[in-house]
Amino acid sequence: MSAQTLAAPPAPTGQELAVRPSWKAPIAFAVLALVALITFGILGESGQTSTFGISTGSDAWQIDPLALSSQPVALGLSLVCVAVAAYAAWLVRAGQAVPVWLTVLFAIAFVLAFLVWAVAGEQISFTSLLQGALALSVPLVFGALSGVLCERAGVINIAIEGQLLAGAFLSAVVATLTGNLYVGLIAAVVAGLLVAFVLAVFAIRYIVNQIIVGVVLNVLVLGVTNFLYGQLLAPEAATWNSPGTLPRVEIPLLNEIPVIGPVLFEQTIIVYAMYVTVILVHVALFRTRWGLRVRAVGEHPKAADTLGIRVNTVRFRNVLLGGAVAGLGGAFFTLGNVGAFSREMSAGQGFIALAAMIFGRWSPLGALGAALLFGFANNLQSVLGIIGTPIPSEFMLMLPYILTIFAVAGLVGRVRAPAADGEPYVKS
Amino acid sequence: MTDTKPPAAAPEEQRPPAEETFFQRFMRELTGGSILVTILSVVLALLIGAVLIAASDPDVQDRASYFFSRPGDTFEAAWNSVSNAYSALFTGSIIDINEYTVGRALRPLAETATNAAPLIAAGLGVALAFRAGLFNIGAEGQIILGAILAGYVGFGWHLPAGLHLIVGVLAGLVGGAVWGGVVGLLKARTGAHEVIVTIMLNYVARFLIAYLLTTAAFQRPGASNPVSPIVDDSAQLPRFFDDSRLHLGFVLVILAAFGVWWLLERSTMGFEFRAVGANPNAARTAGMSVSRTYVWVMLLAGGLAGLAGVMQVLGTERYLTSGISAGLGFDAITVALLGRASPWGTVAAGLLFGALRAGGVPMQAGTGTPIDIILVIQSLIVLFIAAPPLVRAIFRVRVRSAGQPVAGLQRGWGA
């Protein structure tokens, strides 16, 4: 991180703190807008229509599928991108920072332009696109929240992947053994706690490097779950690995809203727990005394200690809390979605969650937004893979990782970790 | 360091200086801890592995149901289960005493060396970066890029014998170096934390190879699954024996270890690496370019990991698959940690983990114990090594911290 940000105060929710507005954002916007204008607009096939299904069969109000003339609409959206880029350039020239909403607007216009271009001559269901995106986002959101809870207190949590995997494994096994899915959910929390406990003991008690403990814990959980899967779960799936899935709970009235209703309010209890957790963590972190203490410990442990906050106790608790949250997210793989555990089920999602946390600037709402974006990109990739598009799916899958590299390199906006993140506190 | 008996009036462990950063402390433990801690960690990890093997064995579970009437049965079954697995591990990796000729009895040892070679190469890359205070989690991606370039030269170009192999090896080194160098460059220019960038680049590399194997240039003609053509004979690392996969790569890797040792201990550049690792601010004050050091060290570290990719594609496997890195990148981190970030320590650790890998395959085939137990044992070893106080507490031994601390500086994400 460059020297000029060192003196900056603790970041509130994802606000731009740049002292001097940077030209990076307008330049990035301009390049992308140009790409959109040329590829999606000018070079797009003319005379094609892109059809988006809005309603599902069971909706109370039926809305006809939206048929758009591909090239003109993509062109229009690209021009919106160009306009945003121009406005951003004007703002920076006037000495003002580029606001977050402008970035969001740009992203939405760009993605829609891409979508209209990619779907030209085909039909996709907008609602199921979003449903799939949410399903892929849920573990990411839980994982990223786990990261936020740990890192705001100054402990780096690379072990999100392991916590997710442990949660997925233990929830499936316990739910099968007890025959009760909700006991399985509790087991998922316990599994996440266990991994977090080891992380906390090694990182805080024994002051082992946090990144190393995290990396090694991921390998350990992978090894243990793979081993037990091969030894027990695979040969005797009926006794060990057939938990089934949680029922979907419909929230009356809210699920009647077109598009949003079926996507958000016909979900399993894990997803509702996710909504609650995001809000709880956000409010607790930024609006309560507890949150102030946690952030103080993560930013300046010595000052916090001077004021009588027990730094390592706060950190220990937060790491455990983060583990519990990530463990619950792991249960979504098994109980929330597939209904059985399989080898290496988390498949790197813990690392995307880490990326989402960084991309979301260590704030719960930011992490939520980034996780939803990454989930959307992932689902878009598989949907477009089915209808066939000009872009290879592997490049879509790379997107979250490349965006994160851009984010940490300060090419788009600037991200800043809590000041004492990763540094153990030894009372002298 | 090997003297484990504390002197009569052993002074209590030297207290670290108050200003020591935690990475310095970690590096001091890493490089200054006793061999005894390493051995005890391995023993402890094997014991826990044994418990896991015994507890998950269906036979043991059956007998444990009448544990209180005949406890001996449970213990006998547990002993059988564990001893079968571990002896299969041993015969699969060191020496097979059931074979009649010396050559065939020693074949497991050659297999161990084959498995160890890429582990050591990638481990050297991680260790070198450690010494400059950088966490290179990205060996996985660097291996993949090295394998992609080396493999492409191997099957895509058709050069004269001799030259072909040299060009292939160099291409692999370049591939890994570029993937690592990007990290060093971003760190030097923008301050982007190398851990985040390397993790992300690992995934980019995975998707890149998955994509390439679907293209006409890389996919084997007529194959429906994503595999590349087999590399030309002229580009293959020659094998030493008829009935073993051991290839020239093992010699290359020992040369590489010697090179890293020379670089770190005898060259100006290596001195700068260590100085930057110890304290970048002091190094900067002394007139060294910290940025340039980051770029160079990551270029070299990436090149070493790329060498591991070369060995996988031109030596062991001889064609590209999306699983060409075979988890080597993450094992390389544990190898470098176990080897305490020193070149020869990394060689020793690589041989140990290579033996576990080599023995794991016949163990799984012969006794049904899943090979994943190896991952458990490896990660436990490293966990215990990283926390010597824990090992000391468990075994109730006092271990003298000896040796010179290799100081290093590691701050959090923000550094």
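Think of each number as a place in line: the chain as shown, counted from 1.
Backbone N, Cα and C atoms are what each Cβ position is placed from, and that goes for glycine too.
Remember, TrEMBL labels are computer predictions, not curated facts.
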Key: Annotated stretch (transmembrane segment, per TrEMBL) among the listed ranges A:319-339, A:361-381   = A:319-339
Query = Are there three or more C-beta pairs under 8 angstroms joining the transmembrane segment (A:99-120) and the transmembrane segment (A:155-175), sequence spacing 6 or more?
reply = no
Query = Considering pairs 6 or more residues apart, do the transmembrane segment (A:99-120) and the transmembrane segment (A:25-43) have at least three CB pairs under 8 Å?
reply = yes
Request  = Go through the chain and flag residues at least 6 beyond the ends of the transmembrane segment (A:126-148) whose CB is under 8 A from any CB in it; none is fine as an answer.
outcome  = 52-56, 66, 157, 160-161, 163-164, 192, 259, 262-264, 267, 270-271, 274, 277-278, 281, 285, 322-323, 325-326, 328-330, 332-333, 336-337, 346, 349-350, 352-354, 356-357, 360, 362-364, 367-368, 370-372, 374-376, 378-380, 382-383
Message = Assess whether the transmembrane segment (A:181-204) lies in contact with the transmembrane segment (A:319-339), where contact requires at least three Cβ pairs under 8 Å among residues 6 or more apart in sequence.
response = yes
